[in-house]
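Feature annotations, courtesy of TrEMBL:
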type     : residues       : note
ACT_SITE : SER169         : active site, nucleophile
ACT_SITE : ASP340         : active site
ACT_SITE : HIS373         : active site
BINDING  : ARG237, ASP374 : substrate binding site
COMPBIAS : 10-21          : compositional bias 'Low complexity'
COMPBIAS : 23-34          : compositional bias 'Pro residues'
DOMAIN   : 73-377         : domain 'AB hydrolase-1'
REGION   : 1-36           : region 'Disordered'
Amino acid sequence: MSQGQKTAEEAGSAQAAADTPAEPKPSRPAPPTPTYEGDFVIDEHFMLECGRTLSGLTLHYAVYGRLNAARDNAVLVCHALSGSALVHQWWPEVFAPGAVLSLDHDFVICINLLGSCYGSTGPLSVNPETGSLYGPEFPLISIADNVRAQSRLLDSLGVRRLRLVMGGSMGGMQALEWTALFPDRVERAVVIGVAPLGAMGIALNHLQRQAILRDPEWVEGNYLPQKPPTRGLSLARQIAMLSYKSAPLFNERFARNPNRNGEDPWGLDDCGGGLIGGRFDIAGYLDEQGRRFVDRFDANSYLAILRTMDTWDPLRGGRSAHEIFGQIKARLTFIGISSDTLFPPDSVREFAETIRAAGVHAEYREMVSDHGHDAFLAEQTELLRLLQ
Ligand SMILES: CC(=O)SCCNC(=O)CCNC(=O)[C@H](O)C(C)(C)COP(=O)(O)OP(=O)(O)OC[C@H]1O[C@@H](n2cnc3c(N)ncnc32)[C@H](O)[C@@H]1OP(=O)(O)O
Ligand SMILES: N[C@@H](CCO)C(=O)O
């Protein structure tokens, strides 16, 4: 019998299993919806790290559950590059029974990044000083700017101290920055799949930016809302997908398969199909991801957030790790993802070690996954198991 062939008995029991109606899966409670979703506005000029100011800075946010009388149950969840304040949509499993958060106990807050197109001030907002959209004039926003603005929102909600701040990718940048900027306000932080971006990550972001800038519809960032640079933004997202996934995942999902819509990449039906031919399945997948992204994101917002991501480096400017991180009082957990090529696990571990060497409680754990950088979104149950 060749390897993999079933014995009659095994085949019989497999058939029996197939004939038996499937056990109904235990029903999981649906993820919660926000207790409140709205805007917080800072009326006076908000000074940014780059030296410019934003007036009428708006943070769009969502909260889940209620702040308790002792005000010690607040958790801040920080989203990644293209996420929104609606945690239940992109990280529903954090609310699953037995996972890290429980709305019986926790008051969960999530705040949309500045620069984004999901409600906080960004290139699509009107600059109150000019009456026009910020568009390409939108200033450089740092992670620290986001965190300082977020602290004002938390003040307004009556939240003095966070029992936990957590996030993946750019969410992790914010979580760590919270512990360094407001050491007395954070008890614990979980920083997932992030360290200052390395040269390869900066290179890929450069290509993404070029893709947008070279789209004729970009017109120096002054495109009409009804005529955005979709080709450039789509290509940017496709380039980004290469760094969010992994080669093993792509090989497993797509191999050398022709595109699922029946296109023939070899073009044998029509004597070679010209210079391009049909597409492989991986190409169809990337096209589809680009298509989905242009339906939900703005090109100038994307450029703004890429810049926030590229420029985040707490150690820049020659200050020592001890000066930057030495005052952190929170317990930090760093999580690296084994197949992450954007923020490779070794760089996350080394970053955690640098912070630990500054006298901070900083542990490192590794998530084993083939899903690449996106594992923190795609394999939530496995991620949360690491946090038990
Ligand atoms: C406000 C907001 O919307 S933010 C909310 C959520 N979004 C985010 O957090 C970030 C954006 N999303 C992501 O990064 C990813 O979707 C993740 C990480 C959440 C999930 O990743 P994965 O489960 O690996 O799915 P992935 O993104 O690879 O896409 C698979 C899809 O591509 C489709 N696909 C694959 N190959 C092809 C092809 N050749 N042609 C067309 N479609 C294809 C699959 O059918 C599948 O479709 P489905 O989503 O309808 O099931
Ligand atoms: N794929 C995710 C994570 C990127 O870090 C996003 O688009 O936000």
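Each residue, glycine too, has its Cβ placed from N, Cα and C.
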Recorded positions compared (ASP340, ASP374) - the one with the fewest other Cβ atoms within 10 Å: ASP374
Cβ-Cβ distance under 8 Å to ARG237 (substrate binding site), same chain, at least six residues away: GLN208, GLN289, GLY290, PHE293, VAL294, PHE297
DSSP-derived structure type at HIS373 (active site), helix or strand or else coil: helix
Contacting recorded positions for ligand 1, chosen from ARG237, ASP340, ASP374 when the Cβ sits under 6 angstroms of any of its atoms: ASP374
Reported mean pLDDT - the domain 'AB hydrolase-1' (73-377): 96
Chain-internal residues near HIS373 (active site), provided their CB is under 8 angstroms and they sit 6+ positions away: SER169, GLY193, SER243, TYR244, LYS245, ILE337, ASP340, THR341, LEU342, PHE343
Packing count at the residue listed as 'active site, nucleophile' (other Cβ atoms within 10 Å of its Cβ): 27
ARG237 (substrate binding site): secondary structure state under DSSP, collapsed to three categories: helix
Listed recorded positions with Cβ under 6 Å from ligand 2, out of SER169, ARG237, ASP340, ASP374: SER169, ASP374
